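Notes follow once the structure below has been shown.
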């Protein structure tokens with residue numbers, strides 16, 4: 001339209017109309033709102049959307065009114081200005097649109113100012129309208145960005161600041177990393193990250209430099225600004241700020257924190273794979289969850305209630321073990337395996353000590369401890385008899401298949417409960433025999449004789465302890481086994497196993513029965529038509545399998561439920577938030593726990609291939625299949641696990657130094673690194689570090 005028919009006007013930031021985002025855009029409206037509430041905002045004015053967007057050219061505006069506003073703010077051109085976008089689409093709660101539009105710095109003179117307005121207005125894209133914000137350019141001593149909440153883990157009791165010398169442009173533009181400060185809401189520095197190094201400054205209370213461009217006094221001022229901004233805008237803000245050379249703090253921009261990580265509920269369970277990773281290390285299908293994880297949860301719950309370590313009410317409210325992303329995870333606090341404070345001190349699994357404060361529980365525990373050995377022996381004998389009475393799966397009718405599967409689930413619940421109580425209440429012996437050692441010796445004998453897997457399994461089913469359960473064809477045993485344990489103390493008859501190991505062995509046998517029964521069901525349903533392949537049975541829930549075996553129809557949605565792919569391992573310690581998103585918990589220390597075996601050293605091996613003799617095996621968890629490699633190793637380091645786990649006990653038997661629960665071990669120790677492993681103290685370190693320390697002392 002011709003300039004003569006156009007009426008142009010500007011809005012000062014201290015004008016109440018400036019807080020209307022549909023006229024001034026979100027950036028300017030937020031600053032205007034902040035200014036009304038006495039937050040430190042620089043003066044300025046806005047060219048509103050209907051004017052800045054007209055033909056996207058300053059040449060069509062009433063230059064008299066615009067020039068008057070420019071002259072006043074720039075002091076007749078003596079003060080440098082910054083001209084920025086203020087779109088109605090940016091700085092919202094859903095998306096900040098950060099960096100999408102143009103800002104023009106170092107604007108001097110009337111003509112350059114008009115050009116800058118054109119550049120900013122022309123950067124508008126999409127359906128949103130554009131206003132133009134004009135303010136003095138600050139000669140900043142330091143600047144940056146502040147979040148009134150930790151955007152990574154969602155913690156609302158933290159303020160996160162990133163700062164650089166000078167203005168914040170280099171930081172927000174990605175040209176500099178800056179110094180990162182973690183603050184309490186009161187502004188106390190609890191962490192500083194600078195130049196790829198992390199330092200803690202818990203004791204800093206003065207006004208001295210807090211390791212970076214900002215002083216502690218300035219950081220406390222930022223924390224106060226974060227609190228005030230949250231009050232004004234109704235939630236935590238992402239604030240762009242700067243300090244001038246007089247030390248005064250200025251808010252340059254404020255917008256809601258977007259893409260905030262979901263925060264776990266205040267009392268969310270602390271979870272981790274550690275206590276169950278050895279038993280169920282691999283991803284589970286829906287049917288495997290129901291066949292093995294549900295009985296495990298029921299059995300552990302009964303053990304906890306019997307020992308007085310948990311109330312039945314709490315057990316009903318939340319599971320002790322559950323599937324997260326198809327992987328088994330346990331309630332670490334409930335099982336006494338959660339890190340406590342900075343020392344990351346761990347309790348024994350199912351520690352019943354708190355229950356002893358009540359005399360009735362103490363009496364019950366005492367009677368139970370006395371009865372457990374005989375009870376375990378009788379349970380093992382009953383399970384052996386029941387297993388022997390089950391015909392081959394192919395000879396069972398559908399009704400018999402279903403009855404056998406139901407028995408297997410009930411038997412597993414009872415076995416898991418007794419095994420947990422035996423591990424908690426009975427005295428452990430470092431010299432005791434293990435089912436894994438027995439299986440390892442049997443595997444070695446079979447391989448030496450040239451037997452195949454089915455022949456070895458038929459000769460001694462204890463070899464099942466060397467492989468985790470899985471629905472499928474016959475289990476595949478480890479390819480090799482060293483001879484070290486054949487004559488060792490671990491090679492003993494099943495009758496000589498201590499109660500806990502006796503029960504562990506039966507658990508694995510019953511799991512295998514369930515796996516074979518389920519696979520037989522899959523083959524049968526494939527032959528009769530409902531399934532296209534036996535493996536599809538793994539996608540069923542147990543209740544659905546019951547319906548099919550009772551003569552009912554398959555669920556219509558089965559075809560849309562493919563077998564889940566392998567998923568990434570779970571963090572060692574985490575909680576669940578939002579839509580079951582895994583949120584890794586901050587560790588208190590590295591969590592390393594000694595598991596025995598003395599001291600040893602060797603090169604790190606982490607790959608999927610067999611570790612060479614004399615190496616230190618670093619793994620995420622102690623899988624049963626690792627047992628075959630233990631006799632030739634110089635050490636074992638696991639990111640998760642318990643000193644009382646099956647593999648840890650076997651490693652002690654073989655004199656293999658073992659440390660468990662060392663979080664981040666796979667990232668910390670590169671393959672080939674010469675590593676010292678002290679299974680008696682839990683110390684794990686590269687030999688070069690150890691040698692440097694000894695030389696400095698000398």
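Any Cβ shown, glycine's included, is placed from N, Cα and C.
Source: prediction; values computed, not measured.
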- request: Look up region 'Disordered' in TrEMBL and report which of 439-467, 468-496, 497-525, 526-554 it refers to.
  value: 468-496
- line: Among 399-429, 585-615, 616-646, TrEMBL marks as region 'Disordered' the stretch 585-615
- prompt: Mean pLDDT for the domain 'Pyruvate phosphate dikinase AMP/ATP-binding' (65-260), as a whole number?
  reply: 82
